[in-house]
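Undergrad: The structure is given below, and queries will be raised subsequently.
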Amino acid sequence: MKIRTRIIKVDPENPEDDKIGIAAEEIKKGNLVAFPTETVYGLGADALNEKAVRKIFEVKGRPADNPLIVHVSSVDQIYEIAQPNEIAKKLIDAFFPGPLTLVMKNKKVPKITTAGLDTVAVRMPDHKVALKLIELSETPIAAPSANKSGKPSPTKAEHVLEDLGNLVDVIIDGGETKIGLESTVVDTTVYPVEILRPGAITKEELEEYVDVKYAEDFSVAKSPGMKYKHYAPDAETIVLVGKNFLKKATQIAEDFVKKGYRVGVAGLNLEEKRNDVIYKNFGRNLEEMAKNLFKVLRELDKECDVIIVQGVEEKGIGKAIMNRLYKAGRVFRI
Ligand code: AMP
Ligand code: MG
């Protein structure tokens, strides 16, 4: 069913009640609203309304066994839907609101939202628009990233429109997102707690409060989302990790250009080497790279058949960047 998407532009620092109120009414009616958070844009529906949540899976083309993160605007709301243990309480105190999602025992979130698991993933976004939307909707909001399943996540309202235009009722345009990568997902039902997905909150930061390990070291996917291809441009994507990136990327690009392919190269602090290759800068450091990663991949995807991306050291937010790049394409050490 096609609908007409309404785009509502808001001031991200001072979101207007009347504008967010229009979107909240849609959530209350069981409709879909895309909204900005500090990580990426989310595709939201009332987490407690099965019919509404089903629409999220439909429009994204998301497999039904991949559970959704439930977004709350207050600590009280966490206790309404989940049962935090002592470890979870510590992490809530330390990191909420922020780019951290906690998997906890479920209390009343319907099976469609949790993909049948007896746990639920909960996050409180550190973004005024998201918090106000949840508040005015008077319900927790289930929201995966607002892109077609498998594509790079949206960090601007235009990305949402490209992927989901006329499939969602409202897109709240609150400008570009600050972090640019999805939240860190931590399972608090086991000890040491396990990082199911790396993000802006790093293992080292969590370790100041609890013992932590990475779940990805296990062969079985503990988080359903871990097994799916993700973040991938349509273009053939090649990730090069190691020294002399610009030189090696340009050599490989040259080979592809000779064969008639359109090639893009993206990395940190890049200068242009050939005028028949498109060079894009992620920025000057890993934070800027995280912020611009999905945007640059989307831009190059429009113009190129092959994209060559600079891999980074898996430290700090570099861990989260590489986690996305492993799923976006093929990784080679140079
Ligand atoms: P997304 O909504 O696309 O940002 O992805 C949410 C991530 O959280 C996926 O990797 C899910 O598999 C994971 N997730 C959500 N709920 C749970 C849960 N109850 N247990 C484990 N992982 C979860
Ligand atoms: Mg996603």
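Placement of Cβ uses the backbone N, Cα and C atoms for every residue, glycine included.
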Undergrad: According to TrEMBL, T39, R123, A143, S183 bind L-threonine; identify which of H71, H230 is listed for that same site.
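TA: Matched candidate out of H71, H230, per TrEMBL for L-threonine with T39, R123, A143, S183: H71.
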Undergrad: Round to the nearest Å and give the CA-to-CA distance linking T39 (L-threonine binding site) with Y231 (ATP binding site).
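TA: Just about 14 Å between their Cα atoms.
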Undergrad: Go through the binding-site residues H71, R123, A143, S183 and tell me which ones have a CA within 10 A of the CA of R197 (ATP binding site).
TA: S183
Undergrad: Which Cβ among the binding-site residues (T39, T119, S145) has the fewest C-beta neighbours inside 10 Å?
TA: T119
Undergrad: How many Å separate the Cα atoms of A143 (L-threonine binding site) and Y231 (ATP binding site)?
TA: 17
